[in-house]
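> Reproduced below are the annotations present in TrEMBL:
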type     : residues : note
TRANSMEM : 109-134  : transmembrane segment
TRANSMEM : 194-216  : transmembrane segment
TRANSMEM : 237-259  : transmembrane segment
TRANSMEM : 265-281  : transmembrane segment
TRANSMEM : 293-317  : transmembrane segment
TRANSMEM : 367-392  : transmembrane segment
TRANSMEM : 404-423  : transmembrane segment
TRANSMEM : 473-494  : transmembrane segment
TRANSMEM : 500-519  : transmembrane segment
DOMAIN   : 632-696  : domain 'CBS'
DOMAIN   : 729-786  : domain 'CBS'
Amino acid sequence: MRNQPYPQLNPCPKDFRLDFSLCLCVLKYVEIDYSSSSRAAGMNGNGPSKLVDPLEDLVPGVGTYEDFNTIDWVREKSKDRDRHREITNKSRQSTVALLHSLCDAFSGWLLMLLVGLMSGSALAGGIDIAAHWLSDLKGGVCLTDFWFNHEHCCWMSNETFQERDRCPEWQSWAELITGKSEGAFAYIMNYMMYIFWALLFSLLAVTLVRAFAPYACGSGIPEIKTILSGFIIRGYLGKWTLIIKTITLVLAVSSGLSLGKEGPLVHVACCCANILCHLFTKYRKNEAKRREVLSAAAAVGVSVAFGAPIGGVLFSLEEVSYYFPLKTLWRSFFAALVAAFTLRSINPFGNSRLVLFYVEFHAPWHLVELAPFVLLGIFGGLWGALFIRANIAWCRRRKSTRLGHYPVIEVLVVTAMTALLAFPNSYTRMSGAELISELFNDCSLLDSSQLCGYKQVRNSLADRPAGENLYTALWQLALALIFKMLITVITFGMKVPSGLFIPSMAVGAIAGRLLGVGMEQLAYYHHDWVIFKGWCSQGADCITPGLYAMVGAAACLGGVTRMTVSLVVIMFELTGGLEYIVPLMAATMTSKWVADAFGREGIYEAHIRLNGYPFLEPKEEFEHSSLAVDVMRPRRSDPALAVLTQDGMTVGEVETLVESTHYSGFPVVVSQESQRLVGFVFRRDLLISIDNARKRQEGIVSTSQVFFSEHAPSQPPDAPPPLRLRGIMDLSPFTVTDHTPMDITVDIFRKLGLRQCLVTHNGRLLGIITKKDILKHMAQIANRDPDSILFN
């Protein structure tokens, strides 16, 4: 057991972090009471007899981690167990301590409530409403109330109008500037204003990211996965990142770029959770506990992005979380529930429902249709594998060439290309969410959409022959499919917030709608074929093209991300199509199998590897037959392992050793001759403790003896006082023998979240294996560059 001093906090009047929470005040007073009583017991002789140690009190910085380092999960969990055990023991002694215990247990649920409220209301609802308004601003403005988007402006109209997207209150920029809504000049004016607004929004987005929060760019999910695995990235979840990402996400989505807001919303929710964690001591001072909260926040992000609380919890469990105990599952569920309820009360989608794409299909699916659903799964898998390879190749080119030195120019050029090519086609001009909603739509008799341009047959909803408008729409969709597939490759990864859910779903939805219309026309003209006999007679409503679009969207998103269970649940929550789970499952599973045939990595894992983050993928198998001795350092040609001895070294010798190396920690042995292992000390803790002792303990100089043993060795009378550092030493470091198979060692690292493991032979220290060593070894086995692993 590690002896961790119990933290002393200031009284409530001086440090009252949550003025609405009596619980925290109780926590502070009880902790002070405990600290003072412990010290009194020691002075009165009632406590155990110990050598005076200046590090008995908590030293600021000890037990913390430097930037771009991995946390020690075992130490963090041990600290939390010691803290919880102490609170439980004290709760039996007084009523105040019992209140302290209850407040400590309740604090986690209170934090989840705050995360859900903050993510669902202030951020997600605001982002949805602002993005919708700015997206419509590229096409025109509402004359009566300029803050209304196009849809709401026409809803408020009291006049009658023929076309669903044209009402007197909403005017295009050509109407405002020239007074004309038709003709070549009006079209050119609207075209130019569309490009102008797109360039303005993207310029503001990339400038704000560059100037104030470089971490606000991209999706954020690869970094969130890495952080949840125990890696430290200071500032990535900070307040500036939250503010800038929230603003620039609205601007980037509104610019018309082929990106979505769903992935970045996971980053935004995690920023909220990280900031709120600082209000609670239990989470502020323990990195492992904080990651439990971040796992729940990832579920909240998906919940508010799609209106899918159950899918959000499963997404966190399947896709992003590294450590997900049952307690975190319950709290994730509660936080997602609060966020979804808050979002529903705001109604940002404007449809009086929680879900983003609500659909009502009139016809059931039939067993024969599983074949085209599987075809969509194959397409999704092929598209996912192709997209990952193309996007990673483009991003690698961006990092290794001069292209990466000019992010502002890159964003503006891609925005200009996107706007120039997107405006002439109505299906690329509209936002990604609007496009998907249009493709999921099941045509009614009065629907004016081009996709519903059928020839009327007896005023029924039966399968009908395609009309001229539908053929025009199909050509436009085919061009939109090619455009989306190409432009998304170069858009994802730019220096603006960019999600991948909506673009991937749009590609799949277009492909699915095309296939669905093809199947519908095939059933209409050839209803006597064997495959249609018995269930699709002439005049019946057999095929639903919108269902094919929904299945295609799931297939393509699954091919890119390799999600399965969470994706199916998100899709049926997203659309309300509970009856269509089997088609979604078939397409999603097929998509994963096909994509895995070309590579096991999803897009987020590929970006983690591209950025060199030290992430041990839990899904990846280690099949090589190497041993621990083959991977450990030092190698045969390397200098001897840098170690500390439990006594016999001076402060100056320890400082010289630390300054001459760059290691994150040092094993402690009995002596240089025996090399018998005693424990392990982290570099940061060592430096902070020595610096603190020089300031606080009189007589500590460079010639002072440093010892890690229980009792101080005998000293000459005129020797300076020794420095005892046993309190910062890990007395039970994880060890393996030199003949331990590496597949077992890798499993130990994954399941325990280790940052290093010591290698011994008959109790003698031989070397050390770090997570970075394992990742380099796995890269060598896979014929990749081992130096691509950049961080400790």
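Residue 1 is the first one shown; counting continues down the chain.
Keep in mind that glycine also has a Cβ here, set from the backbone N, Cα and C atoms.
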> To the transmembrane segment (265-281), which of 194-216, 237-259, 367-392, 404-423, 500-519 is linked by the most Cβ pairs under 8 Å?
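Comparing 194-216, 237-259, 367-392, 404-423, 500-519 against the transmembrane segment (265-281), the winner is 237-259.
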> In the same chain, which residue numbers or ranges, 6 or more beyond the ends of the transmembrane segment (109-134), come under 8 angstroms Cβ to Cβ?
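Non-local partners: 21, 23, 147-149, 151, 201, 246, 249-251, 253-254, 261, 265, 268-269, 272-273, 276-277, 279-280, 283, 293, 296-297, 300-301, 303-305, 331, 334-343, 345-346, 348-349, 431.
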> Apart from its near flanks, which chain residues at least 6 from the ends of the transmembrane segment (367-392) lie with a Cβ under 8 angstroms of it?
485, 488-489, 492-493, 504, 507-508, 511-512, 515, 519, 531-532, 535, 543, 548, 551-552, 554-562, 582-583, 586-599, 601-603, 606-607, 610
> For the domain 'CBS' (632-696), what does DSSP give as the number of helix, strand and coil residues?
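Secondary-structure breakdown of the domain 'CBS' (632-696): 23 helix, 17 strand, 25 coil.
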> Averaged over the domain 'CBS' (632-696), what pLDDT does the prediction give?
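On average, pLDDT over the domain 'CBS' (632-696) sits at 90.
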> Go ahead and report the DSSP secondary structure tallies for the domain 'CBS' (729-786): helix first, then strand, then coil.
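Across the domain 'CBS' (729-786), the residues distribute as 23 helix, 18 strand, 17 coil.
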